[in-house]
Amino acid sequence: MPSLRTVFQRRNTEDQFNTQRTQDYDLPSAAQHGDEKAIGTSAGEPVVVDTETQKPVEELPAGHAQDGVRKVEAMTLTWTKSSLAVAYIFMFLLYFVNAFQSSITGNLTAYVLSGFEAHSLIPVISIVSNVMCAAAYLPVAKLLNVWGRPQGFLIMASLSTLGLILMATTKDVQTYCAAQVFYSVGFTGMIFSIDVITADTSSLKDRGLAYAFTSSPYIITALAGPAAAEGFYEKISWRWAFGCFAIILPFVAAPLFGTLLFNQQKAKKKGLLIKEPSGRTILQSIWHYILEFDALGVLLLASGLVLFLLPFSLASSTSASWRSASILTMLILGSVLLAAFALAERLVPKPFLPFHLLASRTVMGACLLDATYQIAYYCWASYFSSYLQVVHGLSITQAGWVSGVFDIIAGLWLLFVGYLIRRSLRYKWLLLCAVPLYTLGVGLMIYFRMPHTNVGYIVLCQVLIAFAGSTMILGQQVAITCTAEHDQVSACLALLGLFGYVGGAVGNSVSAAIWTHTLPRYLQSNLPEQVRGDWEAIYGDLELQLSYEMGDPVREVIIQGYGKAQRRMLIAGTGVMALAFVWVALMKNVKLSRQQTKGIVF
């Protein structure tokens, strides 16, 4: 997120193609079809002419790349500017739906879990879903590369819809946790697919602007989402907050799938994609796709991540758990499997990512920066909405607006950051500015996020965090994609997402550990005698906490307990950001001037 050689030097891909081709699609030639014809040679290779326009076809899909990459390159080589615009409009709409539903459901999470008397489990459930999302990135990236962008997107959109249905019908905290996994993995995979398609259809210098455009709907949903969440909770039901989007999502996802598939078929008709019989037997085909999907790497990485990160969830509720033999066994076995994954990637014929990229300073710097950012953020963010309501007496809508300051500012600011990257053709200088500003914003909250502090100071900190955090997010995406060839972009983005979700899991585990070891003890020691026996019910139910009026002695004890826990969370988040300075220094300042994608792009 390069061995130390120049990271953007192109390899001799034609030699690779001639000696290592194992794909089903071959480059077109005049002898293979009638839509184009050879008119000459260049360095001994035929020049192809499109008979519809009588113009030479100057670019062809990369012969060495996997099928999914060649399909999307063929698509961008044949579609029009209007098709590009339509695709970006549909991606914008999908981001809008995702942003709106996440704003609504995010503001309702505390109430959903309080209904199951499990308010304290917010970060624990997040850890479980983060672990599964991290493990899913590699299979999804392989699916997009081997099968195709439209097909991978369709599968993840379907999984997202299933997750929404399960969330709407859940009956207890156990099924809620299982539903959360489907829901999180589905939406993570769907948005990842859109981010990969955005990279496929944008030039390096304009990629920042492309990402800024597709993510700009957060400007709208940051204001509308909290109000809608309050409306669902008070007037309808939190279940319909999920149910509505289970109906809406398929209708919004279908047009993008249709646009991609239509233009892919158009490229096939023009002869840029010609399927020939593979000549493989069934067993040979099975073995072929096992290699293409890097099944060994997927298994080792997914198993290693689950075994390594799951103990953070299991141990977050009690300190004694870390001394458990089962917890230690999972940590050790997970570490061994992750090390085995790194070794296997050097030996398998179709690795997840070439080793020179895994060892790249820029790739690792971007990934570690993302992990550090996510750890710092999730150290304090899980209980932020609850804190605003309990300590400052804000409504669901008002708390959502304060939490949404990041989204409002980021949606506008990212467009400017993308423009700065386009003009300067550099990204590192922006990261060098963003990291200290983010650290300052989190550090100031140690003082300002205390009981009886004016909420305006918290908003000020959120503004600083929004400017810096959004710059880091965009800078990481540009940095990690600029080091690779086009066929490696999805894997690079998957690696970035994987590190981010691992960081999120670690941050949530820190948050959960601080929360479970601070608030319960404070309540047991300081609650008035007449309600001290109810400390556990108060601890696990946000609605019960809010039922005590501001100024009530019980509410004051709860407020002080929240303040003590939040202070410790923010100290942890600020401390971990010191590592971010190291990761930015590690990254190379790559110039974004080379051509990475083909055809008509953003």
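Residue numbers in this text run from 1 along the chain shown.
Backbone N, Cα and C define each Cβ position, glycine as well.
Looking at the domain 'Major facilitator superfamily (MFS) profile' (87-590) alone, the prediction's average pLDDT is 84. Residues or ranges marked as domain 'Major facilitator superfamily (MFS) profile' by TrEMBL: 87-590.
According to TrEMBL, the feature region 'Disordered' maps to 1-36.
Summarising the annotation, TrEMBL assigns transmembrane segment to 84-101 (among others).
The feature transmembrane segment is assigned by TrEMBL to 121-140 (among others). Through the fold, the transmembrane segment (121-140) approaches residues 109-110, 113, 152, 156, 173, 176-177, 180-181, 183-185, 188-189, 192-193, 293-294, 297-298, 301-302, 305-306, 309-310, 312-313, 316-317, 352, 378, 382-383, 386, 494-495, 497-498, 501-502, 504-505, 508-509, 511-512, 515 of its own chain, all at least 6 residues removed from its boundaries and within a Cβ separation under 8 Å.
According to TrEMBL, the feature transmembrane segment maps to 152-169 (among others).
The transmembrane segment annotation in TrEMBL covers 181-197 (among others). With a cut-off of 8 Å between Cβ atoms, the residues of this chain six or more beyond the transmembrane segment (181-197) that come close are 72, 87, 91, 94-95, 98, 102, 128-130, 132-133, 136-137, 140-141, 144, 149, 152-153, 155-164, 166-167, 211, 214, 242, 253, 256, 260, 477, 489-490, 493-494, 497, 501.
Summarising the annotation, TrEMBL assigns transmembrane segment to 240-262 (among others).
What TrEMBL records for 322-343 (among others) is transmembrane segment. Long-range Cβ contacts of the transmembrane segment (322-343) within its own chain (Cβ-Cβ under 8 Å, at least 6 residues beyond either end) map to 297, 300-301, 303-311, 314-315, 358.
The transmembrane segment annotation in TrEMBL covers 355-376 (among others).
Within the same chain, residues 99, 103, 106-108, 111, 208-209, 211-213, 215-223, 225-227, 229-230, 233, 384-385, 388-389, 430, 455, 458-459, 462-463, 465-467, 469-471, 473-475 sit at least 6 positions outside the transmembrane segment (396-417) and bring their C-beta atoms closer than 8 Å to a C-beta of that stretch. Per TrEMBL, the feature transmembrane segment maps to 396-417 (among others).
The transmembrane segment feature in TrEMBL is assigned to 429-449 (among others). Outside the transmembrane segment (429-449) by six or more residues, the chain places 369, 373, 376, 380, 387, 417, 420-421, 457-458, 460-465, 467-469, 471-472, 475-476, 479, 563, 566-567, 570-571, 573-574, 577-578, 580-581, 584, 587, 589 with a CB less than 8 A from a CB of the stretch.
Positions annotated as transmembrane segment by TrEMBL: 455-480 (among others).
Per TrEMBL, the feature transmembrane segment maps to 492-515 (among others).
Outside the transmembrane segment (569-586), and at least 6 residues removed from its termini, the chain residues within Cβ reach (under 8 Å) are 361-362, 364-366, 368-369, 372-373, 375-377, 379-380, 383, 428, 431-432, 435-436, 438-439, 442-443, 445-446, 449, 507, 510-511, 514-515. Feature annotation from TrEMBL assigns transmembrane segment to 569-586 (among others).
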>> Looking only at the recorded stretches 84-101, 152-169, 240-262, 355-376, 455-480, which one has the largest tally of CB-CB distances under 8 Å to the transmembrane segment (492-515)?
In response: 355-376
